[in-house]
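Copied over from TrEMBL, here are the features:
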type	residues	note
DOMAIN	67-179	domain '3-dehydroquinate synthase N-terminal'
BINDING	71-76, 105-109, 129-130, K142, K151, 169-172	NAD(+) binding site
DOMAIN	181-324	domain '3-dehydroquinate synthase C-terminal'
BINDING	E184, H247, H264	Zn(2+) binding site
Amino acid sequence: MRKLTVSLGERSYAILIGRGLLDQGALIAEVVRAPRVAIVTNETVAPLYLSRLEGALSAQGIESRAIVLPDGEAFKNLDTLNTIFDGLLRGLCDRSTTVIALGGGVIGDMAGFAAATYQRGVDFVQIPTTLLAQVDSSVGGKTAVNHPLGKNMIGAFHQPRRVIADTDTLSTLPDRELRAGLAEVIKYGLIRDADFFDWLEAHMDGLLGRDPTLLSEAIERSCANKAKIVAEDETERGVRALLNLGHTFGHAIEAGLGYGEWLHGEAVGAGMVMAARLSQGLGYLSSEQCERAVALIADAGLPVTGPALGADRYLALMAHDKKVEAGRLRLVLLRDIGDAEIFADVPADQIRAAIAQCCVA
Ligand SMILES: NC(=O)c1ccc[n+]([C@@H]2O[C@H](COP(=O)([O-])OP(=O)(O)OC[C@H]3O[C@@H](n4cnc5c(N)ncnc54)[C@H](O)[C@@H]3O)[C@@H](O)[C@H]2O)c1
Ligand SMILES: O=C(O)C(=O)C[C@@H](O)[C@H](O)[C@H](O)COP(=O)(O)O
Ligand SMILES: [Zn+2]
């Protein structure tokens, strides 16, 4: 088992990465206030992993109540959040209850937001079961639900007490979901870790072939990058915004198509291509490095073109981005592989050109 730490003073927590961790109830028992937990999961993950987790908890004398939600990004909304609150209240969960998120990023974001707000805040533990959740969403405390007008618009920062990533759970993950997770992995290489980007270029085939050693290394290096950024800037006043590379475009794709048609990672993949092409168009990024970025995203089996929503629609949706300040759009762009920066006042005609270049009619 590998252990990383997100250093946030008294709220510091461990990210544990390894095989078979789901069966080690002691890893959860160490961080719960009382022997009562509520497990939030979904209809796909529950039949695969819920009873194993319940058994591991029960062996530690921990009583658990399961709240099983419908599966999908389309359900990441306030209605489903209410279903979680109903379950917590019916189960007489109190302030000593720990909420456990068992699933991908959708479950993690919703369970985390429920934990942030239930009785004004209870503890939660992340048990991510997708690659995307193990490399990104389970770490850092961003929790939220979507609004029809924008992604993750209603949420809170609420850090987990622990992240437990059992890499064995990836064996049941569909290939499309594995590829979606690789988008966020590539993101770390692009924004701050050129060595990791080189490593990904060399090992993309093995990662797609699910080599367990390579997957573990990719998870660990991704989490190490994210842990450092979150420790430096927990609430996104500065450097944390770089984790949004490709997301201003990607979130527009997700909202514009109606949540769920494109996976988050797919939208981020196409969004990072748009950001790279825009960076090149503005003269910040060389064409050679831009093509390397696009090639790795393509090699991961991710889309490198976006849906043809029309530049006006993209820009209207992008106006809801959380990085907008006083009506000014701010975008994460690339100076080089491993070097990103946030830019305000990018001319709208250049943004339109990059979108047009990356969309197929
Ligand atoms: N909070 C953050 O920092 C952060 C970061 C990145 C993404 N996100 C959010 O995360 C979400 C995307 O997460 P995701 O890609 O994990 O999607 P997801 O949660 O929808 O999971 C993808 C699919 O895989 C299924 N699944 C989960 N684990 C499985 C397993 N082990 N075996 C088989 N099937 C499994 C799920 O039921 C679902 O159908 C988006 O809503 C995105 O906005 C949040
Ligand atoms: O942790 C972060 O910070 C991120 O930006 C990670 C992103 O991958 C993630 O998709 C996040 O939810 C997007 O943030 P948002 O604030 O634009 O919703
Ligand atoms: Zn993301």
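Here the Cβ of each residue, glycine as well, is placed from N, Cα and C on the backbone.
Features as recorded by TrEMBL, highlighted on the structure.
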residue	record	CB count, 10 Å
D71	NAD(+) binding site	18
A74	NAD(+) binding site	14
G105	NAD(+) binding site	27
G108	NAD(+) binding site	29
T130	NAD(+) binding site	27
T169	NAD(+) binding site	24
T172	NAD(+) binding site	12
E184	Zn(2+) binding site	27
H247	Zn(2+) binding site	26
H264	Zn(2+) binding site	29
G105 (NAD(+) binding site) versus binding-site residues E184, H247, H264 - nearest by Cα: H264
E184, H247, H264 screened against D71 (NAD(+) binding site), Cα within 10 Å - retained binding-site residues: none
Conformational class of H247 (Zn(2+) binding site) under the three-state DSSP mapping: helix
Other same-chain residues whose Cβ falls within 8 Å of the Cβ centroid of E184, H247, H264, the recorded Zn(2+) site, in sequence order: L132, D136, A183, K187, G246, G250, G265, A267, V268, G271
Distance-selected binding-site residues near ligand 1 (C-beta under 6 Å), from D71, A74, H247: D71
In three-state DSSP terms, the structure that T130 (NAD(+) binding site) belongs to: coil
The domain '3-dehydroquinate synthase N-terminal' (67-179) [mean pLDDT, rounded to integer]: 98
Filtered binding-site residues, from D71, G105, T172, H247, whose Cβ is under 6 Å from an atom of ligand 2: H247
